[in-house]
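Colleague: Take a look at this one; I'll ask things after.
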Amino acid sequence: MNPNVRPVHYNIHLYPDLTTFKFKGTEEVLLRVVEPARAIEFNGLEMKVLSAAVTVGGAVWPVKGVSENAEKEAFVVELEKEVPVGEAVLKLEFEGEINDKLAGFYRSRYEYNGQSYYLGTTQFEPCDARRAFPCWDEPACKARFSITMTVQKDLTALSNMPIKSETTEGDLKTCVFDVTPVMSTYLVAYCVGHFEYLETTTEEGIKFRVYTVPGKKELGRFALDVGAKTISFFAKYYGIEYPLPKQDMIAVPDFSFGAMENWGLITYRETALLCDESSSFVAKSRVAYVVGHELAHQWFGNLVTMEWWKELWLNEGFATFMGTKAVDHLFPQWQVWTKFLNDHVFRALRVDALRSSHPIEVDISVARKVDEIFDAISYAKGASVILMIESALGEEPFRKGLNIYLNRFKYGNAHTEDLWQGLTEGSGKKVSNIMDPWVKKIGYPVVTVEETGQPGKLKITQNRYLAAGDVKPEENETIWPILLGVSTQSHPDIKYVELNTKEAVIDVDVSSNTEWIKLNAGQTGLYRVQYSAALFKRLGDNLSALSARDRAGLQNDAFALAIAGSISVVDYLELVSKFTEETNDTVWSDIFANLAVVRKLFDSPSMEKFVLKLVSKIGGELGWSGKPGEDESRSSLRGSVIATLGAVGDVAVIEEAKKRWTAFLSDKNSLPADLQSGVFYLVAKNGGEAEINQMIEVYKTSTLPAQKVTALRSIGSSRNPELIKKGLEYMMSEEVRMQDRFILLAALASSKVGRDICWDYVKQNWSLLEVKISHNLLPRIISYTCEDFSTPEKAKEVEDFFSQHKVHGTERTIAQTIESINSNTAIHSRNVAQVSKYLEQFN
Ligand SMILES: [Zn+2]
């Protein structure tokens, strides 16, 4: 946008019509004219500007004309003569559509008492406020907003602020909302529809509500309780009161992402907000985390906002980290910092191991391009880097630094450097020196550790880690500042050693030279560790002495090193075979995920036996029924163990799953939620058309959002080509919401037979998919269908197809997908002979 004028205050009056799905609006923007202006430019997309008028000091300033620049997603009001520096008012009338694109002002459909209804809602981040009203749609163009809505009188209208006054005339009512604080356009929100709500008040007296479509409010009780406590937690943690007089959270049936942190009116996908006491641990912990994440943004992101999308990670990395902190505070028994490894750190390490990754801070010239960086790098790597800095500074200095930063920039915008400055002042340590390479450079290191022959002295080397395993010198120039956590058999308390060079010899506390030594102890660092063969074996033989986090880290590093070819897949399997005594759900969940990858590449009956032998002990201990008062995490582990046992052909487990399914069909309360995912999957995988139809019925009729998703995913578990094709047809039918189509596709493409069928389908129906899948979800369609292929022919096919079918905004995903296929191909050919020989012993 031309910086000659800046918005100060928007007065917006909207007239949405939920029968024609059109809206009209009038807008008066108080502008600060910074330089004499002959033209006023603002953003607007897929709307009509019906009239424009300008006044200066109350006097009409003649307008020459209004023109649209569709490419810039903007309009220009040309003036007869220059507006001088000072204040001016721009008055506009406009109209647009309540669309089906899950972006801008859009509609969402739901059923109630057998009838279909629509509600209207908004999704503006990153740059779709311009679809809903004319605006300066950039995060740094902060202004106040006075919003008024005229709607059918039986509907509820919500916005960022509480309603100040309401008047009725005929069938319509007009709701005037209080003026907002100074804020960015992407955080403005409004909803209109038939809603119901639950209400509470936080400890500090903030009115707090959870809204749903009719019939669902009771499913919001858990989120209401968690949310109110989380607001109080953050107010204390940040040392700054919650900035608005109210907070609403609303579950929207059609929603593209997980949730959106609109200030004072957070919107959610139903699965991210609604659950009940009977819901699975996975469903409940997701709700608690997403609520924590969005509420963290109310300060970090909303009160203080990144200057431009290039620093998106500041918002997302931080909210991811803080969301976890809030859940840990409310539910210490859940051990979410261990789970954080799986959900965020390992995920970041996986994506950032590709050449087609990007630095955390990435140049974004056009706002539209930011869609593709709402990715694992911004969220997961961002959060992992923040965990690293907190552990380097200490919790309290970190919190103090954060408070300095938020107070300094409140109601304004800030850069990454500003956060480092705050943290430096809070801790007395120069933070930018430590953090810059982690934020500005692509990738991360693998630390190689060898014994020197002298007791207590280790040789350490750091190099860039790439999944492809072929790092070139020019890709290996970064020296990462590493705070190396070390723990040893005789001195298990973690000691930190600073590593600021490519190579070093470090001292470690050991009493003998046969001790185990764990590096990255506590797993707060974002790097891999490769041990000498002797050190690696010693750790594998002493798993019970390590913490769950360290066991998870050791195993995940070994898997990554096998991917890169630094060790063999057999070395990895040998380590994993020592985990038979494991009891931690996070550790198992990562082992299951990694073994699923290994099984995709080396699928064979002997591989299934290997997994069966590994899991049988914990499977026997957990059985099918929980003990009274057992941990939720243990109950959740039971579900995934059963799914794994059944997946590798445990006949007794499959039979029991079928029995439980039959019982479930006649009594929906008979199957504990934690078992549902495993049972549904095994029944669909081993059943026929009848079971798939039953699954579709559960999907259609279930009132529990998480159970619906579980059923949908299970529809995709069949290995029968005809049923896979039927699944694809179902995916595109009106019964599956656009936001959920990729969930079914991911399941359908998870087997070898399914992958080929899905890929054929995607190729043949690409133009249909472009219409039926919203633009921001297309990257997932590409990666879920193709990333597990493992031959050079497929890599070429994918490359050729997408070079002929270009979609703006999917370039990075395509590059990452092709790189994954090439990596799979290399792992397979390098290991196939050795793996089958190793697995023979399990026959
Ligand atoms: Zn977020």
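FYI, residue positions are counted from 1 along the chain as it appears here.
Positions of Cβ are set from backbone N, Cα and C atoms, glycine also.
Positions annotated as domain 'Aminopeptidase N-like N-terminal' by TrEMBL: 7-187. Residues or ranges marked as domain 'Peptidase M1 membrane alanine aminopeptidase' in TrEMBL: 222-438. Among the features that TrEMBL reports, Zn(2+) binding site is placed at HIS293, HIS297, GLU316. Positions annotated as active site, proton acceptor by TrEMBL: GLU294. For TYR379, the entry in TrEMBL reads site 'Transition state stabilizer'. If you look up TrEMBL, you'll see 516-822 marked as domain 'ERAP1-like C-terminal'.
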Colleague: How far is it from HIS293 (Zn(2+) binding site) to TYR379 (site 'Transition state stabilizer'), counting Cα to Cα, in Å?
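Modeller: With the alpha carbons as reference points, the distance is 11 Å.
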Colleague: Just checking: which of GLU294, HIS297, GLU316 have a Cα that is within 10 Å of the Cα of TYR379 (site 'Transition state stabilizer'), counting only these recorded positions?
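Modeller: GLU316, listed in sequence order.
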Colleague: So which other residues, same chain and not among HIS293, HIS297, GLU316, have a Cβ within 8 Å of the centroid of the Cβ atoms at the Zn(2+) site?
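Modeller: Apart from HIS293, HIS297, GLU316, the close residues are GLU261, GLU294, ALA296, PHE300, GLY301, ASN315, PHE318, ALA319, THR320, MET322, GLY323, TYR379.
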Colleague: If one measures from the C-alpha of GLU316 (Zn(2+) binding site) to the C-alpha of GLU294 (active site, proton acceptor), what distance in angstrom results, rounded to a whole number?
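Modeller: Their Cα atoms are separated by 10 Å.
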Colleague: When you measure from the Cβ of GLU294 (active site, proton acceptor), how many other Cβ atoms are you left with inside 10 Å?
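Modeller: Step by step: centre on the Cβ of GLU294 (active site, proton acceptor), count other Cβ atoms within 10 Å, giving 27.
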Colleague: Looking only at the domain 'ERAP1-like C-terminal' (516-822), what is the model's average confidence as pLDDT?
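Modeller: It averages 95.
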Colleague: Report, as a single number, how many Cβ atoms besides its own are within 10 Å of the Cβ of GLU316 (Zn(2+) binding site).
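Modeller: 25, counting other Cβ atoms within 10 Å of GLU316 (Zn(2+) binding site).
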